[in-house]
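One structure is given below, encoded as structure tokens.
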Amino acid sequence: MNSKLTALIFLGLVAIASCGWINEEKIQKKIDEKIGNNILGGMAKAVVHKLAKGEFQCVANIDTMGNCETHCQKTSGEKGFCHGTKCKCGKPLSY
């Protein structure tokens, strides 16, 4: 039960960080307080960093909020495609 609650809190913090309500640094400090600076804490901080740095909200090749498409239409007039957590204009996935 305790591990499920920890996972739920972690996912909530990741969602808050990706929305920009609180910054990544504050969340990483909370991870250090709760989990510690060990392998599990390092993995959690890496996930938070990877998800929080995506400015177009691309997650697992899915444009969750349409920001990638909007960005590409404004800048180049091409269709936007998510490649993992990155947005690429006019370059569809080849697999």
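We count from 1, first residue shown onward.
From the backbone N, Cα and C atoms, a Cβ is placed for every residue, glycine too.
Among Cys58, Cys72, the one Swiss-Prot lists as the disulfide partner of Cys82 is Cys58. Candidates considered were Cys72, Cys87; the recorded disulfide partner of Cys89 in Swiss-Prot is Cys72. Here the C-alpha separation of Cys89 (disulfide bond) and Cys82 (disulfide bond) works out to 9 Å. Neighbour counts of Cβ atoms within 10 Å were taken for the disulfide-bonded residues Cys58, Cys72, Cys82, Cys87, Cys89; the minimum is at Cys89.
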